[in-house]
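The feature domain 'Sphingolipid delta4-desaturase N-terminal' is assigned by TrEMBL to 5-43. Residues annotated as transmembrane segment in TrEMBL: 43-61, 68-87, 107-124, 187-204, 210-231.
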Amino acid sequence: MGNWVTREDYEWVYTDQPHADRRKEILAKYPQIKSLMGPDLSLKWIVCLMVAIQFLAFYFIKDMDWKWVLFWTYAFGSCINHSMTLAIHEISHNTAFGNNKAMWNRYFAMFANLPIGLPYSASFKRYHLDHHRYLGGDGVDVDIPTDFEGWFFCTRFRKFIWIILQPLFYAIRPLCINPKPITQLELTNVFVQLAFDVLLFWVWGVKPVVYMLAGSLLGMGIHPISGHFIAEHYMFLKGHETYSYYGCLNLLTFNVGYHNEHHDFPSIPGRRLPMVKKIAAEYYDDLPQYTSWVKVLYDFIMDDTLSPYSRVKRKLKGDVKLE
């Protein structure tokens, strides 16, 4: 567990990200894919159901022994809350109400944020669109670990700790890499979330609050679903910076595993991404892909050639327009 990773820097490249060119090529060949763009009318009802399920869980959790609170936090709450973060990811692309009702999407994301416990949705939207537009962009894409992460988490044991602490690093990283002025929407998100957390504590006590917050942290740490954090863009094979996963956990994650397809067509809702792969199969079938997010986590920890530095990074050229 003390083996040191051999990589000491990012994989610097001097080419543009592949997704824009592939999108143009696919649309030229299969223009019918444009019909898949637009809002997913079922998304808002699925999100409402998930929020209702967590509210019901809060009610039952309040009277349980602590051992069962902790058990259900990891076995159930962490899955729902991680899934909810990916619902917010979907909503950030305006797939709940469409581009013409952008603010409806922003406030609906705050509603989806409630069972997570930590104000997240408004800031995520701002940084995530930069991630799409400037994938791997130095000083812009906050999905890329900092130099400290790459330098320090360089053994198997430290990589294991890094995966546990991923929620912490995702929260701190924007402040280190690409800090932005706080917006009114972000302040509203904080106020609404804190008010909800206080109300939950006042009505049903501390156990639902622990279930909610711990579920979010555990679900985004050492958890089968959190394998997608590593699987999406960490360079397991030289020259490939985005990878897809087509397994059963896509059912809980709004098809975020279809990640090449998502970066090629971010305006297509996750529910329709399998149709993109089906229509343009020759563009995706031969790309590297995963069959297990759990195996991704295991391989990342145990492979001494992989570390937080295992990311493609590029210097941006021209004007950079941030969200």
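Any Cβ shown, glycine's included, is placed from N, Cα and C.
Listed as Cβ neighbours of the domain 'Sphingolipid delta4-desaturase N-terminal' (5-43) (distance under 8 Å, sequence separation of 6 or more from its ends, same chain) are residues 87, 90-91, 94-98, 135-136, 144, 150-151, 154-155, 159, 235, 238, 241-242, 254, 260, 263-265, 267-272, 275-276, 279-280, 283, 304-307, 309-315.
Note on the domain 'Sphingolipid delta4-desaturase N-terminal' (5-43): DSSP counts are 18 helix, 3 strand, 18 coil.
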